[in-house]
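**Student:** According to Swiss-Prot, the record shows the following:
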ACT_SITE  156  active site, nucleophile
BINDING   21, 136, 137, 176, 177, 178, 179, 187, 217, 218, 219  dUMP binding site
BINDING   179, 285  (6R)-5,10-methylene-5,6,7,8-tetrahydrofolate binding site
């Protein structure tokens with residue numbers, strides 16, 4: 001994952017210091033791009049340990065359409081009350097400030113992916129890939145201007161587009177706001193996993209993964225952590241293996257396939273030969 005280190009280096013060398021919504025301060029670049037060939041391995045960050053279980057739990061939670069942090073907790077920890085999630089701080093701060101309770105976060109990612117004005121974008125985009133693979137409208141958007149003010153956190157990764165290329169499935173996502181230290185490794189692994197899942201559903205091969213970033217930043221309280229990442233040597237890429245799906249999976253309807261996907265848990269997603277440097281802790285800016 002040398003690309004990740006190169007981005008950090010670029011921000012340090014060419015970024016500008018600025019204030020931000022959280023009051024933490026950042027070093028930022030506007031407009032960044034990274035690309036991975038998924039046929040060469042899975043792009044899990046290796047210069048620090050990836051929070052893999054949390055990453056997969058969040059993706060399944062998004063795909064389920066849930067917007068309640070306790071549902072995420074159940075997927076990740078098999079408990080509605082025990083264990084932390086990456087959305088807890090957003091719930092305790094922004095969601096409660098909006099008047100939400102009992103774990104509700106408002107119409108965030110899951111709501112938009114599965115019910116954007118009544119449209120189930122996940123079902124529609126996968127059906128479109130199957131029926132019209134050369135179509136250029138294979139897009140899912142989480143950015144719903146009419147509902148932004150009701151969200152605990154407006155979507156950072158706003159929309160993504162699939163592309164079918166000679167039997168390979170590519171995905172490009174656009175992210176308006178990129179927390180390079182904490183968020184980006186999570187996002188890379190999540191969208192790479194989504195490519196693998198949808199490729200299985202559509203009988204395609206995972207192809208290219210492309211990240212396009214808007215305000216791409218390192219928070220001031222993550223500067224030393226990012227410098228440590230630059231001192232570490234990246235390890236080899238690993239391989240993603242997904243289990244728990246039936247043999248007949250590829251022959252099912254999209255709706256039936258998705259039912260099986262939503263029954264999967266983090267233990268069903270294994271990174272073979274994943275070797276990383278030790279974790280590096282950092283506080284999330286909320």
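Glycine is treated like the rest: Cβ placed from N, Cα and C.
Locate each feature and note its surroundings.
**Tutor:** Classification of residue 156 (active site, nucleophile) by DSSP places it in coil, neither helical nor stranded. Of all Cβ atoms in the shown protein chains, 18 besides its own fall within 10 Å of the Cβ of residue 156 (active site, nucleophile).
Same-chain residues at least 6 positions away in sequence with a Cβ under 8 Å from that of residue 21 (dUMP binding site) are not found in this chain.
When Cβ atoms from all protein chains are considered, those within 10 Å of residue 179 (dUMP binding site) total 22, not counting its own. The secondary structure of residue 179 (dUMP binding site), as reduced to three states from DSSP, is extended strand.
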**Student:** Give the number of CB atoms, excluding that of residue 219 (dUMP binding site) itself, located within 10 Å of its CB.
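**Tutor:** Neighbour count, Cβ to Cβ under the 10 Å cut-off: 23.
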**Student:** Of the binding-site residues 137, 177, 179, 285, which sits closest to residue 156 (active site, nucleophile) by Cα distance?
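**Tutor:** Minimum Cα distance from residue 156 (active site, nucleophile) across 137, 177, 179, 285 lands on 177.
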**Student:** Across the record's dUMP-binding residues 21, 136, 137, 176, 177, 178, 179, 187, 217, 218, 219, the largest CA-CA distance in angstrom?
**Tutor:** 36
**Student:** Counting only other Cβ atoms and using a 10 Å cut-off, which of the binding-site residues 137, 217 scores lowest?
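**Tutor:** Candidates: the binding-site residues 137, 217. Fewest Cβ atoms within 10 Å: 137.
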